[in-house]
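A short write-up of the structure that comes next.
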Amino acid sequence: MATPTLTKVDSAPPKRTNKVITALRRFAISITVFNIIGYTVLGFEQPWLYPFVALATAYTTEIGLEIINARVTKRDVRFRGNGFKGLMEFLLPAHITGLALNMLTYVNDQILVMMFGVVVAVGAKWILQAPVYGRMRHYMNPSNFGITIILLVFPWASIAPPYHFTEQIPTWGGWLIVGIILVSGTVLNALLTGRMWLIAGWLSFFVVQAFVRGWLFGTSIPGALAMGTGVAFVLYTNYMVTDPGTSPSKKGSQFLFGAGVALTYGFFTAVHVAYGLFLATATVCLIRGLFLWGLHFSNKARIKFEADQAAQKAKLELAAAPPADGEKPGAVAA
């Protein structure tokens, strides 16, 4: 009888499929173009130098931690062997994280705070991990986690003012930007990331929490729902909460994840906690990470129990077997 063995967890990062690389590449191009337009046309208020510093910090942190992890796990670094293209593909997540964090936070002239947030965001992928199907995967949304830590550690810091996404363009231009982001993000999530069920859970329960807050606390329901018309909300919905690396892949789990973020946001807002959107995402990601660890230890304990039971059964069967020719009874047991 085969004896079950304990599951082993591979600490090396998972290989990226062509579909994942395509999604990362399109996301990186989108956020880069949006930053260029943001600084030249829309009215981004961070200093022009900041996105370049954010990228340099993200690249350096990602490469450094990759080298350390490669040495620990005794493997080749992933950015070698495919030339400049391989390096660029390896740095796509760091590129997205650096630009997103700088774009969504405002730290005035304290550039070191922004750099701190980028290091935390990129580093969290290597530290805050949980076992998923035999591999260690990060469970905290990198950009969101970096932003959350900045807001918690530096109370004077804030998110980027929502108006800076459309500050220097007419009203119809703002609606045009919302439409473009909505269409491009929906196509990306429908065809590549497969996170439409997550978006459905998030949006449907965002509406639910708005009505609940209105009924229980007298919150203006139209005002609570109006947040969903802003550029920042559309960006969050299509490009942050749907991060495929830190959200479930099954449809039902996706819906629950999105609904959980919406309800947690409603709770934080109801108790007057600022920046509830980022705190809600971090909270739900943390709960998911703890759940994954709990599932891992539960499976490990179950497999160990089954192995012990199988060994005990085999021992009893061997002891109960009739003695072979020329062998005295009880010799096996002895």
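Placed from the backbone N, Cα and C atoms, the Cβ positions cover glycine too.
Nobody curates TrEMBL annotations by hand; they come from automatic prediction.
As recorded in TrEMBL:
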TRANSMEM  23-42  transmembrane segment
TRANSMEM  48-65  transmembrane segment
TRANSMEM  86-105  transmembrane segment
TRANSMEM  111-128  transmembrane segment
TRANSMEM  140-160  transmembrane segment
TRANSMEM  172-192  transmembrane segment
TRANSMEM  223-241  transmembrane segment
TRANSMEM  253-271  transmembrane segment
- Note on the structure: Other same-chain positions with a Cβ less than 8 Å from the transmembrane segment (223-241) and lying at least 6 residues past its termini are 27, 30-31, 100, 104, 141, 143-144, 159-160, 162, 165-166, 174, 177-178, 181-182, 184-186, 188-189, 198-199, 202-203, 206-207, 209-210, 213-214, 247, 258, 261, 269, 277, 281
- Message: Using Cβ atoms and a strict cutoff of less than 8 Å, what residues sit near the transmembrane segment (253-271) while being 6 or more residues removed from its termini?
- Response: 195, 197-206, 208-210, 212-213, 216-217, 219, 224, 241, 247, 277, 279-281, 283-284, 287-288
